[in-house]
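What follows is a single structure, written as structure tokens, with notes after it.
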Amino acid sequence: MDLFIGQLFTGLSTGSILLLAALGLSLTFGQMGVINMAHGEFIMAGCYTAYVTQQVVGDAGVSLLIALPIGFLVGGIMGWVLEALLIRHLYHRPLDTLLVTFGVGLVLQQVARDVFGAPAVNVTVPEFLRGGVDLLGTTVPKTRLFIMGLAIVAVTAVTLVLRFTPAGRRIRAVVGNRDLAETAGISSRTVDAGTFFIGSGLAGVAGVALTLIGSTSPTTGQSYLVDAFLVVVAGGLGRIKGAVVAAIALGTFQAVFETYSTASLAKVGVFVVIVVFLQLRPQGLFTLRTRSLA
Amino acid sequence: MPHRFTTLPSPARTFARTLAASVAITGLVATAACGSRAGEETAAAESCVDTSGDTIKVGALNSLSGTMSISETTVRDAIYLAVDEINAAGGVQGKEIEIVAEDGASEPTVFAEKAEKLIREDCVAAVFGGWTSASRKAMLPVFEDNDSLLYYPVQYEGLEASENIFYTGATTNQQIIPALDYLAETGVKSLYLVGSDYVFPRTANAIINAYAADKGIEILGEDYAQLGSVEFSTIVNQVSASGADAVFNTLNGDSNVAFFREYANVGLTAEEMPVMSVSIAEEEVGGIGVENIEGQLAAWNYYQTVESPANTTFVEAFKAEYGADRVTSDPMEAAYNSVYLWAATVEKAESFAVEDIQANADGVSFDSPEGTVVIDGDNHHVTKTARIGEISADGLLYTVWESEGPIEPDPFLEGYDWAADLTVTE
Amino acid sequence: MLICKNIEVDFDGFKAVNGVDLTLDRGEVHFLIGPNGAGKTTLVDAVTGLAKYSGSVVKDGEELRGKKVHHIARKGIGRTFQTATVFEDLTVAQNLDIAAGAGRSPWALLRRRKHLPANVVETMDRIGLGKEADTPAGILAHGQKQWLEIGMLLVGDADVLLLDEPIAGMGHEERDTTGRLLHDIAADRAVAVVEHDMDFMRAFADRVTVLHAGAVLASGSVDEVSGDPRVQAVYLGTATDEKEPADAATA
Amino acid sequence: MRNFFATRLGTWTGFAAAALVLFGLAPLVLSGFRLGLLAQFTCYAIVAVGIGLAWGRGGMLTLGQGVFFGMGAYLMAMHLKMADAEFRNGPGAVPDFMELAGIRELPAYWAPFSSPVFTIAAILVLPTAFAVVLGLAVFKRRVKGAYFAILSQALAGAFAILLIGQQSLGGFNGLSRFRYFFGYNLDDPVNQQMLYFIAAGVLLVVVAIALQLRRSRYGELLVAVRDAEERVRFLGYDAANIKVVAYATAALFASVAGAIFVPVVGIISPASIGIVPSIMFILGVAIGGRASLVGPVVGALAVAWAQTALSEQFPSAWTYAQGLLFILVIALLPGGIASVAALTKRFQRTPAPVEAAA
């Protein structure tokens, strides 16, 4: 029974990690159909931001809180630069963007290796996040509660921004119908740059948070990327709601499957489930309806 | 495009002819060029090692790029250190050792390819390197087919003995079995096994299971995480729920970071449920964070803190060469030893030839940082002293237990009755 | 020969087409007009299997609802798009040859073309592209692409043609040519044209159906329809000027 | 002149020249070791021809060719291990690595692979059939573009993970230590040369098949589907079937390449078929020119050669070079090297709009 509750919680927790990693992707992929393979490296940049901040500030707790906004800026600026230098020019070639950003990811990984060295570095977990909390008879690590909380905050913030700010309305207009939005006087260029900034910034935040549970090394981002993409694919293009549901569903599925089988088989199981799922709903859980031929 | 495709020649016929021609050429050339068949003797490839000059070439084959570069670059440093020291002392057979360096790129196929290049193109007398079992398995046929020598410096899962490989890291009876002995001595009655999903952990756990069955230790669970996995919630939950006396950890690389953080965070401590690790050395402790792993155990043959004159010299020389902040670890020491063992064997054989080295290897010894190591001529492994270390707050490991003298290598565990069912000896 | 009854298309609660009846007859050029958002293109989407709908579409006695896009196409229903969609990397002749070959066997497909099918050569002349056989379709003039697209339907033996703004972006002379071509091909086919251009409609329509807000507002000859006060109200702008959400995205 | 290679004489000349270089020149000027490397690169080139077909002509970015490459490789490796065990210990013997892993009984699914005929049939049929089933499942539901790319990538990841967990397939270490290839000693340099000839011959055959597909009506249809899939559908074709053929052909090529790779290199492990190796297959194709026939071959050979040559001296620089190649070639020269030749020609002739095959 303890184990069952533990696993249920694990599903939520794994789901929120997936969600943090996938939220930014969902925005950029959804808005521009751009597959940013360097998203994982933006997460890694967030991890190293947390590391560097901690080296400078010293106190683990303070540095974590400072690193979150800095990570957002670091990721955001990297994304903004990437959009301005490359992605903007590859607009009608989404598959090429995928390969180009993969190249960017390779370069960023090697940069990290040359700057910080290949071995993993340690980001100390602040005192107030160490240990666990007893919840319904199982011990739940505080770091995971923190990440779940952060995921909720991030989703709420993104939803609020999209819904209630002028910038957010522009983003939604462009996601809904790019050409129509342009005829309505919205500069989709500016909006693209903005979306990419926010989406990549979220990757940076995710990176900072993930140092609490995982390692910080040049290849850190890669371990999250494929799963994050699957979340976006299963959730449906550009739908935050879809990403949330898909992330939690996949997280829970994996955790439960893993209990009765092995972690490796769980990964394979996730893939099979998604292929079968796409048979039923080829456009993901939630779709924006357009009549576009593309 | 000025032509009209309507006037193009019949495509199907062209196609059929091209196809037929290709097949014919291939068939013709292939059959004309057939070599020896199974069971026939193949003319052994002639060694191209040049022993006439003032220098002798050896290969250093480690991953400098890819996931394994983290660990393997440290081994590379140790190899260079040993070669420099030997050269400073007059070389081998009066010849200066010259290193031909290659990158294994963390991929078994690249290891095989580069090994072949080192042997056939660079004509090296021996190769030092390799880390993962996959890389060793990939290189093994290359060294056997070309009749050349590999010195492999990492502890591994045993069950192998090639004429063309010298294994200077521990085999299972020099690391895993002593670790189990230690745990049994300290009163551990039940174990939980956690490992990465590849060959070493699976073989190690098979041995542990057999050992446990014999000694009445209960195995409460056995979990494997995908290599590189960072999601350890489920596994740690299960470990915690099992209430085992100790955990035997064969995880590899980054997974250790996630595992130990999760372990500490659910409130498990070294006092109530110690973790015995066989892949965590000085290099890894920093990345995991000392605060997450302090007090936990590791099983190796060497720690930087081993107290011996040879080790003092080794550590000082290493830090002088590569910086005071660098640490030395077991695989580095084994790699360092491997160069010295090769040199000593060459001196004894007074020859660089593979067959002479093989014939003279038995009994060659070296006063290494971990203590004296001696080559076993039968299985090409070396004697090693087993040590259990505890991770301390300064990030180093300190010996808490040590075997009574060096342990003879027994890669096929022939000396252990309980292991009889585990393996089929060749 | 094509009878649509009570077609309804529902986009998440928004009824883009709301109970439309429409009959297309052989020998007629039938214009579908109406303001943006009236549901013209959506109706075409529904008939050709792209949009889900309720109601019924019957051609030659066969119900088409629920059939896949390519099955409907093989029943002889061809369509064009607002922006001419031709295979830009292929030549005019290749475009037409593909359009002519939907029924080819796999074996025929895997072999190279020995000579162009007769109807392809014939159609190339008919659409005025006889000299452009080896020109990549991508570098054709805008109007030529539209003609090519119509030609592709002709060689594919479609006898119900649904053309979405076939003269968009054409000059006067090209429009007239297109109009005559439409009449010419309508001799033994049913042709429906979605169009905004009123002059073009007056010049070439045999029959006109006016759609508004997803429903049929009026139907009849050019004169009947232009005399209808409701139609005049719509076109004088008193009706809602709501934009069709994805009109532009159909590119 | 431009279309010389499109004529019958041109086709013959091209193939004859290629055969001369591969069968005559290469063995003369290359050492046994370098020839072995070339055989390995040739395997990559065979995969590349298939990717050129599926991606360059069909627009399907197959980020998971490692799966099919791996299938072919593992099927062949199973046969070689079986043959080896039976040669030494008689029929029904257990391959050496299984003995070490403590597997006493030969798993049932291994048994048929003692037959060379069955093995070759399996190499040709299994991956192709898998590609057909998967392709139908995906394309019929009109999953395409980025979705398809991500799915195929996830497939490669899942496949590698699945293999790592299979102890009866060597797990993480994979299968290695092959001694005989259909009865011939693999350590004999003469036989190693034979393997190279087989690889080179297969490459020519594969290029010939790709050429025929390109020049056929099917080839035109495939390009049509790539550029305007809906249009093709509205002309009465089932676009999914058209795509499946190209996808399955690419899978077949990859499988055959994998099967040759195994005796040439001497090992197959999950590390050679996961996500990253699968993307690396793409790099050569992109550089050589995805939509051209010979471009992918040249690109694959060039990238493999550059990797071997450069990574020896500058392992870190090579990673940068790889990344930058991806960025620069795809962003600035989407047609690859092949388009450079075409571009220069175009400048000499009347300027025409450049078609970028995306």
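Any Cβ shown, glycine's included, is placed from N, Cα and C.
Predicted automatically and left uncurated, TrEMBL annotations should be read as such.
The annotation transmembrane segment is assigned in TrEMBL to D:12-30 (among others). Under 8 Å from some Cβ of the transmembrane segment (D:12-30) lie the Cβ atoms of residues 4-5, 38, 193, 196-197, 200, 203-204, 207-208, all in the same chain and six or more residues away from its ends.
Taken from TrEMBL, the feature transmembrane segment covers D:36-55 (among others).
Residues annotated as transmembrane segment in TrEMBL: D:62-80 (among others).
The annotation transmembrane segment is assigned in TrEMBL to D:117-139 (among others).
For D:146-165 (among others), the entry in TrEMBL reads transmembrane segment.
Using a Cβ-Cβ cut-off under 8 Å and counting only residues 6 or more beyond its ends in the same chain, the transmembrane segment (D:194-213) has close neighbours at 11, 15, 18-19, 22-23, 26-27, 35-36, 38-39, 42-43, 45-46, 49-50, 52-53, 181, 184, 219, 222, 246, 249, 253, 256-257, 260, 263-264, 293-294, 297. Feature annotation from TrEMBL assigns transmembrane segment to D:194-213 (among others).
According to TrEMBL, the feature transmembrane segment maps to D:234-254 (among others).
Among the features that TrEMBL reports, transmembrane segment is placed at D:260-286 (among others).
Among residues of the same chain six or more beyond the transmembrane segment (D:293-311), those with a C-beta under 8 A of the stretch's C-beta atoms are 37, 40-42, 44-45, 47-49, 51-52, 56, 203, 207, 210-211, 214, 280-281, 283-287, 317-318, 321-322, 325, 336-338. Residues or ranges marked as transmembrane segment in TrEMBL: D:293-311 (among others).
The transmembrane segment feature in TrEMBL is assigned to D:323-343 (among others).
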Against the transmembrane segment (D:234-254), which of these stretches has the most C-beta pairs under 8 Å: D:36-55, D:62-80, D:117-139, D:260-286? D:117-139
For the transmembrane segment (D:146-165), distant same-chain residues with Cβ under 8 A (at least six beyond the ends): 60-67, 70, 74, 134, 138, 171-172, 174, 270-271, 273-275, 278-279
What residues in the same chain, six or more past the boundaries of the transmembrane segment (D:36-55), come closer than 8 Å to it by Cβ-Cβ distance? 26, 30, 61-62, 65, 69, 192, 195-196, 199-200, 202-203, 206-207, 210, 213-214, 222, 246-247, 249-254, 256-258, 260-261, 264-265, 281-282, 284-285, 288, 290-293, 295-297, 299-301, 303-305, 308
